[in-house]
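What Swiss-Prot annotates here:
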- 94-101: motif 'Cysteine switch' (MOTIF)
- CYS96, HIS222, HIS226, HIS232: Zn(2+) 2 binding site (BINDING)
- ASP128, GLU203, GLU205: Ca(2+) 1 binding site (BINDING)
- ASP162, GLY194, ASP198: Ca(2+) 2 binding site (BINDING)
- HIS172, ASP174, HIS187, HIS200: Zn(2+) 1 binding site (BINDING)
- ASP179, GLY180, GLY182, THR184, ASP202, GLU205: Ca(2+) 3 binding site (BINDING)
- GLU223: active site (ACT_SITE)
- CYS286-CYS473: disulfide bond (DISULFID)
- 289-332: repeat 'Hemopexin 1' (REPEAT)
- ASP293, ASP385, ASP434: Ca(2+) 4 binding site (BINDING)
- 333-379: repeat 'Hemopexin 2' (REPEAT)
- 381-429: repeat 'Hemopexin 3' (REPEAT)
- 430-473: repeat 'Hemopexin 4' (REPEAT)
Amino acid sequence: MSCTLLKGVCTMKFLMMIVFLQVSACGAAPMNDSEFAEWYLSRFYDYGKDRIPMTKTKTNRNFLKEKLQEMQQFFGLEATGQLDNSTLAIMHIPRCGVPDVQHLRAVPQRSRWMKRYLTYRIYNYTPDMKREDVDYIFQKAFQVWSDVTPLRFRKLHKDEADIMILFAFGAHGDFNYFDGKGGTLAHAFYPGPGIQGDAHFDEAETWTKSFQGTNLFLVAVHELGHSLGLQHSNNPKSIMYPTYRYLNPSTFRLSADDIRNIQSLYGAPVKPPSLTKPSSPPSTFCHQSLSFDAVTTVGEKIFFFKDWFFWWKLPGSPATNITSISSIWPSIPSGIQAAYEIESRNQLFLFKDEKYWLINNLVPEPHYPRSIYSLGFSASVKKVDAAVFDPLRQKVYFFVDKHYWRYDVRQELMDPAYPKLISTHFPGIKPKIDAVLYFKRHYYIFQGAYQLEYDPLFRRVTKTLKSTSWFGC
């Protein structure tokens, strides 16, 4: 019998064992303080009455006291070896299910992935939150680690990924059962094949994106740290500290220790190409008939593509810079026909004819270009005239001749019932469109030497401008 819940194969006998474990765990009698402390030390500090020493040693050692001292030292408590109130209080704080001390025979030292490009898949979703919120939270959690390393992550919607993400109750097939609300919140496995690298979250918790309940983003960043090879830290400022505490996700930053530890495994991020070398624009800079092939934001800048080069500038700045496409991205061809950015992911997509390229943090991704037909276009489409990403709707609009297509970024699928006529659904806009820019909740639709400022909320054109107005011409 195949098992799709976890990587690998499980038998009926194994499933029955899982059920038995879950019933046993749920039906266990409440523990007193001493029993709870022994359970805690057994689970997180490798304590066990039947532990066989790896080396010859005295048989009258007090292993329980030694493990209590080890736990107290880890959390910065006075290492008395006594089960006092401060020690018990720490033990009762909700925490990660990964041990603080790894047994020498159980975990390879400095486990890491031996590749830069990793895949992940959210196997199922918690009912506590909207599906799109869960997708966004994990995308941001992975970005926390990709921002400080050369690692890159890609989401899969089917098949087995390097990192499988699962929400589950109680016993769920890995002999590391969840204990209900509070207690252990989640656990993850160090890098490797099979279940290694996976992250599991206790569905008994109330997962949220705020300070109420348990904040999914904070726990996800922590567990993905394990999935990438990090162990627990005894630094309370580290996201890899074992116990849970709320931090504001909008201002969250990795500690210096976290950055140093993850970079000791994977190195620093690949330095993006420099865009700080301005040069004088050509004489056609403010030509009255100047048009653009593609226009998009790239971070805080705006890129204006034309033939083999592009202008770039900061909105509001008098300076305008120009450089050749090949000087920044030697693998990208000239004559880009459409472009859009997903700023939250630091991703730039470039289109020419039947192919498209992905630029991640200004670095071209391998295994590109890809076919535009993989996005869901029909065979009749031979090129994309213009494209724009609307962050409020999380949709990409592709303009092709008299029609437009709409692509769902979260689902990574073309929306059904498309294409539709541009003139019908964008009143005041007539084909053909050269480029589209999203800026301050408006679309700027470039057609030859002019651009139309379009309000997508009220579906109307609000201004007509020269295409070169961005340059102060």
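Cβ coordinates come from backbone N, Cα and C, glycine included.
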> Can you tell me the three-state DSSP label for HIS222 (Zn(2+) 2 binding site)?
Replying inline: helix
> Counting by DSSP, what is the helix, strand and coil composition of the repeat 'Hemopexin 3' (381-429)?
Replying inline: 4 helix, 21 strand, 24 coil
> Looking at the recorded positions THR184, GLU203, HIS232, CYS286, which has the shortest Cα distance to HIS172 (Zn(2+) 1 binding site)?
Replying inline: GLU203
> What three-state secondary structure does DSSP assign to ASP434 (Ca(2+) 4 binding site)?
Replying inline: coil
>> Can you tell me whether DSSP puts GLU203 (Ca(2+) 1 binding site) in helix, strand or coil?
In response: coil
> In angstrom units, rounded to an integer, how far apart are the Cα atoms of ASP434 (Ca(2+) 4 binding site) and HIS226 (Zn(2+) 2 binding site)?
Replying inline: 46
> Which ones, of the recorded positions ASP128, ASP202, GLU205, GLU223, CYS473, have a Cα no more than 10 Å from the Cα of ASP174 (Zn(2+) 1 binding site)?
Replying inline: none
> In whole Å, how far is HIS200 (Zn(2+) 1 binding site) from GLY182 (Ca(2+) 3 binding site) when you measure between their Cα atoms?
Replying inline: 15
> Taking the centroid of the Cβ atoms of CYS96, HIS222, HIS226, HIS232 as the Zn(2+) 2 site, which other residues of that chain lie with their Cβ within 8 Å of it, listed in sequence order?
Replying inline: VAL98, HIS187, ALA188, GLU223, GLY225, LEU230, GLN231, MET240, PRO242
> Excluding the flanking five residues on each side, which residues at least 6 beyond the ends of the motif 'Cysteine switch' (94-101) place their CB within less than 8 Å of a CB in that stretch?
Replying inline: 43-46, 70-71, 74, 176, 178, 182-188, 214, 219, 222-223, 226, 231-232, 242-244
